[in-house]
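**Q** For reference, TrEMBL lists these features for the protein:
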SIGNAL    1-25  signal peptide
TRANSMEM  277-299  transmembrane segment
TRANSMEM  341-367  transmembrane segment
TRANSMEM  373-392  transmembrane segment
TRANSMEM  413-434  transmembrane segment
TRANSMEM  446-469  transmembrane segment
TRANSMEM  490-523  transmembrane segment
TRANSMEM  529-557  transmembrane segment
TRANSMEM  569-588  transmembrane segment
TRANSMEM  600-628  transmembrane segment
Amino acid sequence: MRTPAMLRWAAALAVLLAVAAPAAGFYLPGVAPSDFAKGDPLPVKVNKLTSIKTQLPYTYYSLPFCKPDTIVDSAENLGEVLRGDRIENSPYVFKMGEPKMCQIVCRAPITEKEAKELKEKIEDEYRVNMILDNLPLVVPVTRQDKNSIAYQGGYHVGAKGLYSGTKDEKYFIHNHLSFTVKYHKDDNLEHSRIVGFEVNPHSVKHQVDDKWNGVDTRLSTCDPHASKFVINSDSPQEVEVGKEIIFTYDVRFEESEIKWASRWDTYLLMTDDQIHWFSIVNSLMIVLFLSGMVAMIMLRTLYRDISRYNQLETQEEAQEETGWKLVHGDVFRPPTYSDLLCVYVGTGVQFFGMLVVTMIFAVLGFLSPSNRGGLMTAMLLVWVLMGLLAGYSSSRLYKMFKGSEWKKITLQTAFLFPGVAFVIFFILNALIWGEKSSGAVPFTTMFALVLLWFGISVPLVFVGSYLGFKKPAMEPPVKTNKIPRQIPEQAWYMNPLFTILIGGVLPFGAVFIELFFILTSIWLHQFYYIFGFLFLVFVILIITCAEITIVLCYFQLCSEDYMWWWRSYLTSGSSALYLFLYAGFYFFTKLQITKLVSGILYFGYMLLASYAFFVLTGTIGFCACFWFTRLIYSSVKID
């Protein structure tokens with residue numbers, strides 16, 4: 001049912017990427033502001049119910065809320081479906097500039113099953129998300145330590161409380177919503193534009209004044225004719241089996257100085273960003289300083305070594321030398337499991353290309369939060385297209401290792417990482433489906449993902465592999481001996497496990513502060529849009545992975561250990577281990593997840609993210625070390 005919409009979106013994005021010129025705009029090109037005249041209808045849409053305690057979204061109409069005559073799904077892209085977004089129409093219809101007071105939506109009797117579901121959602125602190133003119137609904141909250149207003153996305157389904165003089169905890173539903181629509185009107189324009197959508201929820205036990213007459217019924221608890229409005233919730237509406245709940249709402253319009261181009265600033269600045277900025281800048285400065293020191297030490301040491309080796313006059317002097325030059329005949333010997341190394345390097349190049357392209361478009365403003373699901377959709381599409389680079393990279397390295405079965409290495413490149421990721425995703429999706437959550441990816445979307453994988457990604461991997469294998473093999477700068485050289489006994493600090501674990505600390509240190517905000521945006525349902533800093537952190541990560549791997553590889557070669565291929569990959573790739581451990585620390589210190597399924601989902605997705613991070617950082621370290629070894633061994637005279 002959703003597949004045609006996804007394909008249309010993918011085609012539109014492909015055309016956009018092909019023809020769009022670089023722009024510095026803040027919003028996705030093509031998203032134009034909507035102008036509204038007085039009396040124009042403002043349809044309110046409802047989105048999923050979300051909770052940071054369960055991480056399982058549900059559709060709005062899974063609870064006994066008022067329904068329109070016909071429920072219509074809005075067009076969804078692939079990213080929205082994967083995020084669990086279900087955007088539908090609602091019975092709330094505003095008219096521009098026309099306030100409403102105590103408007104009755106419906107009266108809903110509560111069955112035993114519905115009462116149980118409402119209590120469960122209130123217990124798990126679920127929030128209701130709505131959308132007006134592409135703006136999410138927010139609840140203004142006064143901060144305790146400051147004289148300022150913070151905004152929380154969506155309003156709680158209800159709250160728990162006690163009646164005075166009782167000890168039994170009751171569940172109360174928010175059945176009266178006081179909406180505030182903020183609009184901006186230029187002096188040069190007759191129309192207005194929506195710049196804010198706020199709500200104050202209340203729980204009110206409504207009383208019918210005379211008899212029930214549908215939406216025209218007069219209420220004694222809320223009557224605009226008698227100037228009796230809902231200001232507080234002195235008599236809340238309890239969730240009880242067999243009782244009826246009357247849903248009402250108010251709408252008021254407030255003119256704002258905020259312009260349409262800046263209306264998302266409220267949402268993007270929901271958290272205290274001072275700590276964010278200073279922490280990131282401090283972390284980057286430290287990492288840049290360390291990277292600069294490492295680079296200076298390496299350049300000066302290598303320059304001195306190469307100069308000394310090239311000035312040796314006799315063979316006897318050369319034999320007396322120790323260090324990295326002595327292993328020149330073995331340093332380019334193919335490693336064990338060389339096929340697997342080629343596959344992982346190709347996949348890492350695919351990841352690298354995807355992240356670079358996606359971040360560039362995000363920094364330019366093409367992937368604004370106003371385009372829901374756009375970031376995830378773009379990442380999937382770019383990943384598929386980058387299969388060309390994956391096949392090319394793996395086959396080039398495979399041919400250098402004297403491999404001849406290029407089809408075998410191509411199949412492994414096309415199926416290893418995507419296959420593992422798909423299996424994990426399928427298992428987690430089955431758990432979500434078992435919880436009857438809207439976050440479960442439907443069969444049509446699964447089919448679309450498989451179609452992208454087998455129909456586009458796999459053929460592109462084969463094309464790239466064919467092109468890479470046709471090119472001449474990369475020749476090492478020195479010849480490889482037929483008999484392997486014996487590796488001398490190594491010092492304890494050069495133990496492979498020790499150096500690999502040490503090597504992952506610095507790359508993780510470059511990203512862990514930014515990682516905190518990324519995890520917060522994902523698991524605490526906050527917006528993340530500081531892509532400029534994220535791109536800077538990504539550059540620092542690349543530099544750090546490259547330099548720490550080069551340093552440790554140099555020390556390894558100086559100790560006459562020439563088995564550097566896999567160790568260079570694992571050195572920077574071990575930062576993924578620290579990422580997963582930090583994810584566990586974040587789970588136990590920042591999240592309030594108590595359900596087993598939610599915990600499995602968290603660690604399942606973080607395991608998948610850590611695996612991807614391992615492939616990315618490992619490839620960066622390997623490529624830097626590969627370039628480094630070729631450079632130094634081509635710079636010395638080998639007799």
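Quick reminder: no glycine exception, Cβ is built from N, Cα and C everywhere.
Just so it is clear, the model here is predicted, and its values are computed rather than measured.
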**Q** Same chain only, please: residues at least 6 beyond the ends of the transmembrane segment (413-434) with a C-beta under 8 Å from a C-beta of the stretch. Say none if there are none.
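**A** That would be 56, 342-344, 346-347, 387, 390-391, 394, 440-441, 446, 449, 453, 457-458, 461-462, 465, 597, 600-601, 604-605, 607-608, 611-612, 615.
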**Q** Could you tell me whether the transmembrane segment (446-469) and the transmembrane segment (569-588) are in contact, taking contact to mean 3+ Cβ pairs under 8 Å with a sequence separation of 6 or more?
**A** no
**Q** Counting only CB pairs under 8 A, let me know which of 446-469, 529-557, 600-628 has the most with the transmembrane segment (490-523).
**A** 529-557
**Q** Would you say the transmembrane segment (446-469) and the transmembrane segment (529-557) are touching, if the rule is that at least three C-beta pairs must lie under 8 angstroms and be 6 or more residues apart?
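**A** The answer is no, given that the two segments have fewer than 3 Cβ pairs within the 8 Å cut-off.
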**Q** Near the transmembrane segment (373-392), which residues from the same chain, at least 6 beyond its ends, have a CB less than 8 A from one of its CBs?
**A** 9-10, 13-14, 28, 76-83, 85, 346-347, 349-351, 353-354, 357-358, 361-362, 366-367, 410, 413-414, 449, 452-453, 456-468
